[in-house]
Amino acid sequence: MKQYLDLCQRIVDEGTWIENERTGKRCLTVINADLTYDVENGVFPLVTTRKSFWKAAVAEMIGYIRGYDSAEDFRKIGTKTWDANANLNDAWLNNPHRKGDDDMGRVYGVQGRSWAKPNGEFVDQLKKIIDDLSQGIDDRGEILNFYNPGEFDMGCLRPCMYSHHFSLLGDTLYLNSTQRSCDVPLGLNFNMVQVYFLLAIVAQITGHKAGKAYHKIVNAHIYEDQLELMQSVQLKREPLQAPIFKINPEIKSLEDLETWVTMDDFEVIGYESHEAIKYPFSV
């Protein structure tokens with residue numbers, strides 16, 4: 001929690017105002033932020049200085065694991081995070097690749113599960129990683145990559161957190177996640193949960209202990225219409241004790257995650273927070 005608040009304060013104190021062409025708004029911006037999550041000791045990085053909705057974050061990552069390309073599928077597993085980008089983004093609404101309501105195109109999990117090859121075949125990056133790690137193999141390239149410039153025009157949004165690199169040292173699994181851009185007030189509490197969850201669940205289904213997850217953010221920013229709430233409300237609050245995150249131990253394989261797993265298989269114990277803050281969202 002401290003590293004989250006430290007980053008927020010750093011942006012306020014040291015950030016540079018940058019015009020964002022996509023949203024038409026200014027952002028207070030810093031370059032390079034590194035956060036570390038102690039998954040091994042169960043230090044769950046859920047923000048307590050405002051109410052945070054961890055279920056939507058986990059549900060979204062499960063949708064990526066399943067390779068979903070429809071906002072409707074994400075809603076069914078418990079998150080509405082893709083509704084706006086799939087249905088309210090003018091550039092995407094006028095894109096000939098869009099298939100209709102709720103279509104997201106070839107983004108995130110689609111790239112992770114079916115990266116297109118020139119010969120018409122597809123690469124399932126995630127399955128390769130899970131298969132390797134389950135056999136104790138780390139080829140120094142166990143990388144789940146969502147960033148495919150050749151297909152940016154075929155999706156509603158470029159990936160923000162685009163790379164997840166797993167590393168095995170003995171029986172302990174580590175994760176390095178890289179994010180090109182982060183809306184810190186709205187998105188970071190979400191992304192912290194996702195990085196923690198991804199290492200925890202992959203360690204479980206591959207039979208390893210979870211170590212630490214390292215989260216690099218390149219462009220960390222606060223939009224101009226979020227700054228007052230961050231300065232006068234969230235940064236004035238004292239953080240509360242971190243909760244505990246539990247995963248159903250019966251989840252033992254990638255197939256389990258693809259088929260029967262629901263949000264009922266995850267639990268957060270002892271979460272207390274300050275009141276919610278309604279930060280503006282920029283499509």
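Positions of Cβ are set from backbone N, Cα and C atoms, glycine also.
For C160 (active site, nucleophile), the Cβ neighbour count at a 10 Å cut-off comes to 18, with all displayed protein chains included. According to DSSP, C160 (active site, nucleophile) sits in a coil region rather than a helix or strand. Per Swiss-Prot, active site, nucleophile is recorded for C160, and the stated evidence type is sequence analysis.
Sequence-distant neighbours of H221 (dUMP binding site) (same chain, 6+ apart, CB under 8 A from its CB) are I11, G15, I18, C27, L28, T29, V30, S181, C182, D183, V184. What Swiss-Prot records for R22, R180, S181, C182, D183, N191, H221, I222, Y223 is dUMP binding site.
Under the heading (6R)-5,10-methylene-5,6,7,8-tetrahydrofolate binding site, Swiss-Prot lists D183, S282, citing sequence analysis as support. Residue environment of D183 (dUMP binding site) contains 21 other Cβ atoms, counted within 10 Å of its Cβ in all protein chains.
Neighbour count (other Cβ atoms within 10 Å of the Cβ, all protein chains): 11 for R22 (dUMP binding site). Taking the Cβ of S181 (dUMP binding site) as centre and 10 Å as the limit, one finds 18 other Cβ atoms among all the protein chains shown. Largest Cα to Cα distance within the recorded dUMP binders R22, R180, S181, C182, D183, N191, H221, I222, Y223: about 21 Å as a whole number. Geometry remark: Y223 (dUMP binding site) versus C160 (active site, nucleophile), CA distance 16 Å. Residue pair R22 (dUMP binding site) / S282 ((6R)-5,10-methylene-5,6,7,8-tetrahydrofolate binding site) shows a Cα separation of 9 Å. The 10 Å shell around the Cβ of Y223 (dUMP binding site) contains 22 further Cβ atoms across the protein chains shown.
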